[in-house]
């Protein structure tokens, strides 16, 4: 399946990953079945859940990178068809680097990923960076691993719960669009963060991932 088709499957699906034990951490990038349970670890990275993720966000102690893929407009749509991208609400102030979480990246996507990280860090590879997607999403694991092993970032944090875990805690989100290379990186709104809200469990279903 092509990368666009895999992204479309992710965004159009409705079933959550099946409940099963977390797998052992592999020694290579995940190449398929992206919406399945992820390991509990990522060697060389700090792994956090929603509560410490919120604390890092509220204190402005880390940069946040959303790697959820976005399906492009299909080339074979009938004339006159109106195409609307599925809206994405993510952690406020995140940079959304769509499609950088696949196991293998094209040269163009590799350049885009590097440029996005450069835009938010200013070239400081010691800046703390939180990578996330959805729950049970190997794309955030791949992206965090690549930032460490291929790009040399030394303070990588992986948030495997992603926006699913964030929303379950009733933490704030904002509508987002994928970053366009050459544009300024997103900035957090000025002012103090909101008071950490009480937990409200969501019943919203989450999409599926499939092989690119």
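Using the three backbone atoms N, Cα and C, a Cβ is placed for every residue, glycine included.
Proximity of distant same-chain residues to the compositional bias 'Pro residues' (186-196), defined by a Cβ-Cβ separation under 8 Å and at least 6 residues beyond the stretch ends, is recorded for 54, 57-58, 60, 92-96, 171-172, 176, 179. Here TrEMBL flags 186-196 as compositional bias 'Pro residues'.
If you look up TrEMBL, you'll see 91-175 marked as domain 'Rhodanese'. Averaged across the domain 'Rhodanese' (91-175), pLDDT for the predicted model comes to 98.
Positions annotated as region 'Disordered' by TrEMBL: 173-212.
Feature annotation from TrEMBL assigns signal peptide to 1-21.
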Which residue counts does DSSP yield for the compositional bias 'Pro residues' (186-196) in the helix, strand and coil classes, in that order? 0 helix, 0 strand, 11 coil
Just give the helix, strand and coil counts over the domain 'Rhodanese' (91-175), going by DSSP. 34 helix, 11 strand, 40 coil
